[in-house]
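Features as listed in TrEMBL:
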type	residues	note
COMPBIAS	69-90	compositional bias 'Polar residues'
DISULFID	CYS24-CYS39	disulfide bond
DISULFID	CYS33-CYS45	disulfide bond
DISULFID	CYS38-CYS52	disulfide bond
DISULFID	CYS56-CYS60	disulfide bond
DOMAIN	21-62	domain 'Chitin-binding type-1'
REGION	62-105	region 'Disordered'
SIGNAL	1-21	signal peptide
Amino acid sequence: MMKYQTLVVFFFALLFVSISAQQCGRSLGNRVCPNGLCCSQYGYCGRTTAYCGYGCQSQCGGAKAGKSDSATQKENIVDNNDGAKSSQPDNAIPKEETTNNNGGA
């Protein structure tokens with residue numbers, strides 16, 4: 001009976017370890033995710049936009065990476081009325097800076 005209980009405990013411990021989130025990235029010596037998954041900006045493996053989008057550390061195409069209409073993956077050009085332009089992720093540009101403020105509408 002004791003062997004059975006030990007085996008059950010071992011099985012559940014192994015199951016828990018295998019389903020917990022895989023970690024990756026710079027803080028772990030540039031560890032990459034298994035199966036080509038993306039490494040998020042926070043150092044976790046996955047295949048959705050949260051992992052493969054803005055801030056992705058490695059393998060950002062991802063294995064079957066989820067499509068997204070997220071603003072974090074789109075680029076926007078801002079004209080500062082002085083001829084200078086900058087390219088930034090949409091979420092980094094305050095809404096009021098995306099309009100032309102030359103006194104007109």
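Backbone N, Cα and C atoms are what each Cβ position is placed from, and that goes for glycine too.
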The domain 'Chitin-binding type-1' (21-62): DSSP-derived helix, strand, coil residue counts
10 helix, 9 strand, 23 coil
Mean pLDDT, the domain 'Chitin-binding type-1' (21-62)?
93
Listed in sequence order, residues with CB under 8 A of CYS56 (disulfide bond) and six or more positions away
CYS38, CYS39, SER40, GLN41
Of the disulfide-bonded residues CYS33, CYS45, CYS52, the one whose Cα sits nearest to the Cα of CYS60 (disulfide bond) is CYS52
Which disulfide-bonded residues (CYS24, CYS33, CYS45) fall within 10 Å of CYS52 (disulfide bond) by Cα distance?
CYS45
Row CYS60 (disulfide bond), column other C-beta within 10 angstroms, all chains, value 16
Other Cβ atoms within 10 Å is the metric here; tell me which of the disulfide-bonded residues CYS39, CYS45, CYS52 scores highest.
CYS39
Give me the non-local Cβ neighbours of CYS33 (disulfide bond): same chain, 6+ apart in sequence, Cβ-Cβ under 8 Å, ordered along the sequence.
GLN22, CYS24, CYS39, CYS45, GLY46, SER58, GLN59
